[in-house]
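Asks: Quick paste of what TrEMBL says about this protein:
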BINDING   Arg23, His126, Thr346  substrate binding site
BINDING   Gly101, Tyr102, Ser173, His201, Thr229  pyridoxal 5'-phosphate binding site
DOMAIN    36-374  domain 'Aminotransferase class I/classII large'
MOD_RES   Lys232  N6-(pyridoxal phosphate)lysine
Amino acid sequence: MPEAWNTYLAERAATRRHAGRWRQRRTRRLSDGCRDFAGNDYLGLAGDPRLADAQAEGARRYGAGGRASHLVSGHLEVHEELEQRLAALTGRPAALLFSTGYMANLGALQALCDPDTRLFQDRLNHASLLDGARLAGARSRRFHHADLGDLERLLTRAPAEGRRLVVSDGVFSMDGDVADIAGLAAAARRHGAWLMVDDAHGLGVLGEAGDGCVGRAHGIDAVPVLVGTLGKALGSAGAFVAGSEALVEHLTQFARPYVYTTAQPPGVAAATLKALQLLEAEPERRSRLAMLIARFRREATTLGLPLAASTTPIQPLVLGESQRVMAWAAWLAERGIMVGAIREPTVPRGQARLRITLSAAHTDNELDALLDALADCKARETLAGAEASP
Ligand SMILES: *Cc1c(COP(=O)(O)O)cnc(C)c1O
């Protein structure tokens, strides 16, 4: 019998390698000194010593671990305060803290949906939203990316009975484009559906106050279920679902990924509180980020690089074939530049891309180095093409 398992593992590995989909982790060492254009630390808060100090101080005060689940004895003042601050930031009556964004999405969908719920998801939604529907036993109908007409068509054709939920990313993680929140909200309202938005990449970056693409601009009537994550622009870890008191109470009762897990380590919550304070006190981080995005787009256009229509810190270069993406990523790595190399199945076939992300922490010199290296990739390719042709 154990042999059957070994055969199974070997076969799965072989198929994946054969398909060119094998994934590898790179262990980063502090001494590498590489330039990171692959992360989601958009405001440069993850490495800020003030967050580390707040985390250490929180751990000293409350302990390193969460000790128990929130419903047993793990819910501390620091968690409570964080939930209140997150609700205030996003202009909602209440918020519930989860350990990760993946769990927040699983929890919200599992608690809200059952097999009779009609779910409508953007085709490019994050994997955790699709997995949440599965956990709920609900079937997701997927509309073409950002296509309100297609959503409208699916909503019109859906059977009248059963509750309806429209689900979308706020900022699409592999494309960087922003969902039309007002359009989605209007479609949902016309068809008696609720709208849930996962603003993992918008929170901290978009909105007047870094409150995201939903935040205070779209209240709970437009977006009753708002998810935000804390491990991206806020430089910490965890996530939350914000909405009405009734929604948060419902999730507290029924969201299994909330109920059956240990509370977030209190030091992490303390670090997030510090990040929220810095978000408000240092708006220059967001203006610096906007400046870097504008400069990258201007100069990449001059270089003739295949920019996507994105105004966010996610700036993909869609190169097409996986091999091409892997070659460019390797050339960039030789020059100490780390970018995301995104292939199938994360994105559709033929749309493999370099996922370049910008951060307020990048220096002008680092951006120069990235643009130089990209120009070099292009030149190398032209050279290789010239050699290959007769
Ligand atoms: C990163 C991400 C998540 C998951 O959040 P984690 O806190 O990393 O688990 C969920 N949704 C979207 C859109 C994301 O980009």
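Including glycine, each Cβ sits where the backbone N, Cα and C put it.
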Asks: Should any of the binding-site residues Arg23, Tyr102, His201, Thr346 have a Cα within 10 Å of the Cα of Lys232 (N6-(pyridoxal phosphate)lysine), which are they?
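Replies: The binding-site residues passing the 10 Å Cα test are His201.
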Asks: Determine which residues of this chain, when Gly101, Tyr102, Ser173, His201, Thr229 are set aside, have a Cβ within 8 Å of the centroid of the pyridoxal 5'-phosphate site's Cβ atoms, and list them as they appear in the sequence.
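Replies: Apart from Gly101, Tyr102, Ser173, His201, Thr229, the close residues are Asn40, His126, Ser128, Asp198, Ala200, Gly231, Lys232, Ala239.
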Asks: Pop the Cα-Cα gap between Gly101 (pyridoxal 5'-phosphate binding site) and Arg23 (substrate binding site) into the table, whole Å please.
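Replies: Gly101 (pyridoxal 5'-phosphate binding site) has its Cα 22 Å from the Cα of Arg23 (substrate binding site).
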Asks: Roughly how many angstrom lie between the C-alpha atoms of His201 (pyridoxal 5'-phosphate binding site) and Thr346 (substrate binding site)?
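Replies: Each residue's Cα considered, His201 (pyridoxal 5'-phosphate binding site) and Thr346 (substrate binding site) end up 17 Å apart.
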Asks: What is the average pLDDT across the domain 'Aminotransferase class I/classII large' (36-374)?
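Replies: Over the domain 'Aminotransferase class I/classII large' (36-374), the predicted model scores a mean pLDDT of 97.
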Asks: Select, from Arg23, Gly101, His126, Ser173, each of the binding-site residues with a Cβ positioned under 6 A from at least one atom of ligand 1; if none does, say none.
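Replies: Among the binding-site residues listed, those whose Cβ sits under 6 Å from ligand 1 are Gly101, His126, Ser173.
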Asks: Measuring Cα to Cα, how far is Thr229 (pyridoxal 5'-phosphate binding site) from His126 (substrate binding site) in Å?
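Replies: About 13 Å separate the Cα atoms of these two residues.
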Asks: Around Tyr102 (pyridoxal 5'-phosphate binding site), which residues of its chain at least 6 apart sit with Cβ under 8 Å of its Cβ?
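Replies: Non-local contacts for Tyr102 (pyridoxal 5'-phosphate binding site): Ser128, Asp131.
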Asks: Using the structure shown, find which entry in Thr229, Thr346 (the binding-site residues) has the sparsest Cβ neighbourhood within 10 Å.
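Replies: Per-residue Cβ counts within 10 Å for the binding-site residues Thr229, Thr346 bottom out at Thr346.
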